[in-house]
Amino acid sequence: PFLGFIYLIYVPTKVCTQHSPDANPLQSSNHSRYKISEEAQLFLTGPVSTILIPTFYTLVCLISVPINICAGLVFIRKIKIKKPAVIYMLNLVCADLLFAMVLPFKISYHFNGNNWIFGPAMCRVVTAAFYWNMYCSVLLIALISAIIACVAMWIFSFAGSMHLLFTEQTFHLTQLGITTCHDIQSSKLFLCYKMYFVTLCCLLFFLPLIITMVSYTRVIMTLSKDQPGVPDHSLKKRRAVFLSGTVLVMFVLCFTPTNLVLIMHQLKDTEGAQIEDNADILYIVYLIFLCLGSLNCLLDPLVYYFGSSQFQKELFSMLGWKKKKQDPSGGPSSPGPSEPTSQTNMTSNHQENNKINIPPTKSDSSQANLCSQCKKQLD
């Protein structure tokens with residue numbers, strides 16, 4: 001889940017492209033020549049895109065793969081999949097693993113100096129998979145339902161990314177001797193991409209965003225109110241409110257910044273515009289938000305764990321661990337010494353009362369028991 005590597009469109013917006021009059025923008029990247037600005041060259045060869053970004057994604061990949069595999073095994077082997085919530089979370093696990101499977105290609109691409117070596121077809125597949133994964137997560141959060149909703153989600157998100165499968169994504173830069181993947185796009189396709197990404201963001205992000213915010217806000221408000229005639233399970237209600245708020249915050253923080261900057265970038269640029277010499281701050285901000293969004297695939301398993309006591313139980317069972325049960329009294333208790341002492345003192349007190357012909361009362365017994373306990377503490 002998450003917003004993948006949708007590395008913007010016309011690299012950063014500072015890229016200058018020059019085409020031969022007879023060049024076909026959709027033909028193989030090996031036959032296309034592009035000249036880019038010095039600003040773009042510094043970005044493509046700089047430490048941000050060749051060290052910082054791939055290092056961050058490497059950490060995300062190494063952590064997200066095992067924890068999502070564990071989550072998937074728990075849902076498949078230990079919990080009844082017929083439950084709607086389990087169906088939803090299992091699909092979310094699949095979306096996270098889809099992201100993790102294509103992430104190594106992007107990591108290699110960046111560590112290799114933004115030089116794509118896996119061929120044009122694989123570039124299109126990886127790029128489309130990243131968009132697909134992002135909108136899978138968005139729609140899953142917005143459409144919490146059972147099988148029909150999940151199937152519809154996969155179809156809509158895949159249809160939204162199909163355009164990237166059939167358009168050229170790799171371009172060779174003779175100045176740097178590298179082949180980029182999705183970082184640079186033909187200026188002849190600018191209007192097409194502009195309409196595509198604006199439509200994609202509106203239908204597959206901003207509309208689900210509105211639905212999600214309204215739905216989760218109403219859920220939180222409803223759970224926070226005291227309803228007459230309904231038993232108040234305070235712990236369960238607090239957990240439900242906390243989880244609803246957590247999912248809503250995750251959605252807004254992980255997906256909103258990148259999609260917002262993406263649509264701003266598309267609406268800002270105009271075809272044939274003069275390239276400025278100043279750095280594109282918007283694109284730098286976009287890269288930061290992109291890294292932030294990748295954390296979604298790490299946070300999802302934490303939501304599964306803390307949101308479901310059954311998930312915790314089955315995970316510990318699968319791993320062969322046992323949760324320690326705390327004694328209700330707050331510590332180990334031993335009834336042996338205390339009870340006989342109390343009984344002995346009560347018996348002694350009873351015998352003493354019999355000697356002076358005073359019948360033992362309930363208050364006397366309680367007092368004797370209290371004295372016994374105090375003496376025990378002093379000893």
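Every residue gets a Cβ built from N, Cα and C, even glycine.
Predicted automatically and left uncurated, TrEMBL annotations should be read as such.
Note that the coordinates shown come from a computational prediction; the quantities given were computed from them, not determined experimentally.
Of the listed cysteines C123, C136, C254, TrEMBL assigns the disulfide bond with C181 to C123. For the transmembrane segment (51-76), the most Cβ-contacting stretch among 115-132, 195-219, 240-263, 283-306 is 283-306 (pairs under 8 Å). If you look at the transmembrane segment (283-306) against the transmembrane segment (195-219), you find fewer than three C-beta pairs under 8 angstroms, all six or more positions apart, and that falls short of contact. Residue density at C123 (disulfide bond): 24 other Cβ atoms are found within 10 A of its Cβ, drawing on all protein chains shown. Within its own chain, the transmembrane segment (115-132) has Cβ neighbours under 8 Å at 3-6, 28-29, 98-99, 101-102, 105-106, 108-109, 157-158, 160-162, 164-170, 177-182, 200, counting only residues six or more beyond its boundaries.
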